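Chemist: One structure coming up, written as structure tokens, with questions to follow.
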Amino acid sequence: MKQDIQHIMLAAAKPLFLIFILYILKIMEVGMDWDFSRLGVYPMEKRGLTGILTHPLIHSGFSHLLANTIPLFFLSWCLFYFYRGIAGKIFILIWLGSGLLTFLIGKPGWHIGASGLIYGFAFFLFFSGILRKYVPLIAISLLVTFLYGGIIWHMFPYFSPTNMSWEGHLSGGIMGTLCAFVFVNHGPQRPEPFADETEEEENTEEEATTAAAAEEEEEGIFSKCSSF
């Protein structure tokens, strides 16, 4: 029990630290009257390359940041708690991969915000649970679908406001899905049958074989007796 609590707290610490950084940057930007939007991704231009690293840290306003806070925390926590052996790699790949894809496919303009991470984590958690066929992870897949299934519509331009980076959402979703397939054999796996269950199955098979042999022997004896 104590170890479980430690795992829960450790899994929460990393998302909380990231969110703390996001709010510090936003407070600095507003308080100092700075403009951090140039730290976003500007597709297919040299000035936008830095944003591949920094774009999730920047938000257009507090309303944008607040909208991302809860899903970012929850999905990050799920990633670090249920996939703690590979969570760091997944986190970095989705962070950098979504930024790079946005740089390649995005419309002209500054693309900022942690939404790409949110989409990446959501898609990874969904597909990873389904692919692994492990009940606790499938439950997380279903929970993510229930809570955030509606976000899929904002991956397409027709359903997204003009000031929303649907390309960033799509990039995150693609990276999360790719990570789910690439890492399917790494991290938590469906447990193998217990040894005693295997032994019971073997004993049952042996008993069935013995019973069949006994029946054949009885039939042979009966046929011999009938011939006299």
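Backbone N, Cα and C atoms are what each Cβ position is placed from, and that goes for glycine too.
So TrEMBL has the following annotated:
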- 194-220: compositional bias 'Acidic residues' (COMPBIAS)
- 49-184: domain 'Peptidase S54 rhomboid' (DOMAIN)
- 192-228: region 'Disordered' (REGION)
- 7-25: transmembrane segment (TRANSMEM)
- 65-83: transmembrane segment (TRANSMEM)
- 90-106: transmembrane segment (TRANSMEM)
- 112-130: transmembrane segment (TRANSMEM)
- 137-156: transmembrane segment (TRANSMEM)
- 168-184: transmembrane segment (TRANSMEM)
Chemist: Determine which residues of the chain contact the transmembrane segment (137-156) at the Cβ level, with the cut-off under 8 Å and only residues 6 or more beyond its ends counted.
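Modeler: Cβ under 8 Å, 6 or more out: 71, 74-75, 78, 82, 118-119, 122, 125-130, 164, 166, 169-170, 173, 188.
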Chemist: Does the transmembrane segment (168-184) reach the transmembrane segment (7-25) with at least 3 CB pairs under 8 A, where each pair is 6 or more residues apart?
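Modeler: Contact between the transmembrane segment (7-25) and the transmembrane segment (168-184): absent, because fewer than 3 Cβ pairs are under 8 Å.
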Chemist: So what's near the transmembrane segment (65-83) in sequence-distant terms, Cβ-Cβ under 8 Å and 6+ beyond its ends?
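Modeler: That would be 7-8, 10-12, 14-16, 18-19, 22-23, 26, 59, 90-91, 113-115, 117-118, 121-122, 124-125, 128, 136-137, 140, 144, 147-148, 187-188.
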